[in-house]
Amino acid sequence: MESSHRRDETFQILDYVVFAGIFVISSGIGVFFAIKERKKTTSREFLVGGRQMSSGPVALSLTASFMSAITVLGAPSDVYRFGASFVIFSIAYTLMVMLTAELFVPVFYRSGITSAYELRFCKAVRVVATLIYIVQTRCGLHIAAVLHLTLAVCIVVLKIVYTGVVVYAPALALNQVTRFNLWGSIFATGVVCTFYCTLGGLKAVVWSDAFQMVVMVVGFLTVLVQGTKETGGLGVVWDRALNGSRLNVFNFDLDPLKRHTFWTISVGGMFTWLGIYGVNQSTIQRCISCKSERHAKKALYLNLLGLLVICGCAASSGIIMYAFYYNCDPWTAGYVRAPDQLMPFFVMEILGKLPGLPGLFVACAFSGTLSSVAASINALATVTYEDFVKNCFRNISDRAGTWMSKGLCVVFGAACTAMAVSASYMGGIVQAALSIHGMCGGPMLGIFSLGILFPWTNSKGAAGGLLLGVVLSFWTALGAFVYPAPSHKTLPLPLSTAGCAPTNVTTFHSRPVPTPSLPRSTLANSWYSMSYLYYSAVGYITTVILGLLITLF
């Protein structure tokens with residue numbers, strides 16, 4: 001791409017109309033269900049849709065809530081810089097869905113719970129289904145009760161922080177490239193999600209997610225078709241991607257320090273997504289809202305098809321984007337400030353002269369944001385109501401419970417929006433905050449495994465294993481943040497600015513300007529250089545092994 005081809009396009013009226021459409025329709029879905037379900041006033045109806053949801057819309061909702069705008073913008077950028085090995089995540093997704101459907105969902109569905117944290121870690125039930133903490137045992141151990149309350153608060157705060165970043169990060173990337181109003185998009189997202197979550201409950205969230213999933217697929221397909229056309233056709237895309245080593249998918253190197261290999265993505269990715277998706281309150285809540293356990297499993301397997309489609313679209317977008325910029329990388333050339341801005345920059349380049357289509361892509365990105373935020377608000381309200389409110393007010397009526405649930409949706413919606421505003425002051429900490437969600441996944445998965453696979457584990461063993469698992473996974477990830485892995489481990493592929501006018505620049509790797517690094521110890525070159533996809537595995541293995549050992553002692 002020649003720099004003279006760059007267009008400084010901004011949104012036109014039709015783009016704003018298309019973008020606003022997703023907010024209007026999503027709000028309309030909330031109003032529809034508020035009117036339709038006005039006579040059903042129980043908290044069960046509001047929080048889990050009366051357990052009468054069909055598998056189709058639930059499957060679309062699961063996929064949409066999984067694909068945040070960070071994925072829509074970040075995955076193509078990852079393929080652009082590191083190659084198409086990203087498609088191996090399809091194996092991790094498949095393993096994750098199978099284990100969730102066959103191991104975890106039956107436990108939750110048959111228990112008849114609403115919150116994932118309601119199940120007790122005790123000898124009578126032989127199952128623990130807490131996300132990252134353990135409730136008290138049948139004997140009433142004080143250590144478990146204190147752990148329950150402390151970690152419950154931590155998880156709620158963590159979820160709010162993560163949701164705020166999910167809103168802010170894509171809004172910032174889109175703002176800096178498309179000049180789309182930053183604060184307007186943040187507040188619109190928070191207000192609309194809170195609005196339809198509060199009015200329509202889980203049914204509104206699920207059906208809004210289904211609509212937003214369709215918008216995401218249409219947005220991706222638009223980029224794929226127009227991007228291929230602008231590049232010169234599929235043959236040109238293939239040749240340039242092949243010459244640029246972007247199609248080298250399978251690397252069977254067993255080295256755990258390599259960022260992306262077949263093993264780090266398929267095995268490490270499975271642990272990562274099983275921890276933060278497979279045993280997540282948002283996922284479980286949608287599954288138990290289905291008519292039957294069979295419908296819940298069907299929803300998960302249909303959701304897998306959606307995940308594979310989105311994975312393929314994201315990887316293809318990255319390949320086409322590389323082929324388009326194969327001779328003039330806009331990041332190295334200084335046209336964008338960060339890799340996450342590559343995708344919106346590319347979209348404005350190929351769609352900028354077609355009114356309405358840039359708005360469609362932004363709608364695609366923000367559909368992922370809306371789905372993730374709505375899922376978080378609904379899940380936070382459910383957990384708080386079931387684990388705290390009902391324990392404090394044991395005789396609360398159904399009508400009062402419904403209004404309390406709606407009030408919690410408003411509170412958490414406001415909290416997530418405020419967190420998104422606060423994220424603007426975090427600077428480089430934003431990426432670290434995104435990683436925290438994954439670091440908790442391994443220990444969380446370990447607690448589930450201890451309860452289901454090793455039912456003799458006691459509360460002290462589980463609490464000790466959990467604590468040490470969290471400490472070790474956080475230590476590993478924070479060490480990697482301070483001492484980033486060297487380039488020969490992360491394996492960035494070359495990017496060229498040789499075709500940029502008016503001057504030719506030599507070929508660079510994915511970091512255009514080398515930054516001074518701290519002196520590296522043996523620990524930094526080994527343990528801290530571990531692939532980020534193994535963080536969850538580290539937390540999981542530590543939690544399970546130490547949980548069993550402490551139980552024995």
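Cβ from N, Cα, C; glycine included.
Here is what TrEMBL says about this protein:
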- 56-76: transmembrane segment (TRANSMEM)
- 82-105: transmembrane segment (TRANSMEM)
- 141-162: transmembrane segment (TRANSMEM)
- 182-199: transmembrane segment (TRANSMEM)
- 206-225: transmembrane segment (TRANSMEM)
- 260-279: transmembrane segment (TRANSMEM)
- 300-325: transmembrane segment (TRANSMEM)
- 360-383: transmembrane segment (TRANSMEM)
- 403-426: transmembrane segment (TRANSMEM)
- 432-454: transmembrane segment (TRANSMEM)
- 466-485: transmembrane segment (TRANSMEM)
- 532-552: transmembrane segment (TRANSMEM)
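In this chain, the transmembrane segment (360-383) lies apart from the transmembrane segment (260-279): fewer than three C-beta pairs between them fall below 8 angstroms, excluding pairs fewer than 6 positions apart. Long-range neighbours of the transmembrane segment (206-225) within the same chain, counting only residues 6 or more positions beyond its ends whose Cβ lies under 8 Å from a Cβ of the stretch, are 22, 25-26, 29-30, 33, 49, 53, 56-58, 60-61, 63-65, 67, 72, 196, 286, 289, 306, 309-310, 313-314, 316-317, 320, 346-347, 350-351, 357, 360-361, 363-365, 367-368, 370-371, 374-375. Simply put, out of 56-76, 300-325, 466-485, 300-325 has the most Cβ pairs sitting under 8 Å from the transmembrane segment (82-105). A contact links the transmembrane segment (182-199) to the transmembrane segment (403-426), because at least 3 Cβ pairs that are 6 or more residues apart lie under 8 A. Non-local neighbours of the transmembrane segment (300-325) in the same chain are 1, 55-56, 58-60, 62-63, 66-67, 71-72, 75-80, 84, 86-87, 89-90, 93-94, 97, 100-101, 105, 213, 216-217, 220-221, 223-224, 227-228, 230-231, 236-237, 240-241, 244, 246-247, 287, 342-343, 346, 349-350; each lies 6+ residues outside the stretch with a CB under 8 Å from one of its CB atoms. Recorded stretches compared: 56-76, 403-426, 532-552; the one with the most Cβ pairs under 8 Å to the transmembrane segment (260-279) is 532-552. Here the transmembrane segment (56-76) has Cβ contacts under 8 Å with residues 86, 166, 169-170, 173-174, 205-207, 209-210, 212-214, 216, 219-220, 277, 282-283, 286-287, 289-290, 295-296, 298-303, 305-307, 310-311, 314-315, 317-318, 321, 339-340, 342-344, 346, 364-369, 371-372, 374-375, 434 of the same chain, all six or more residues outside its ends.
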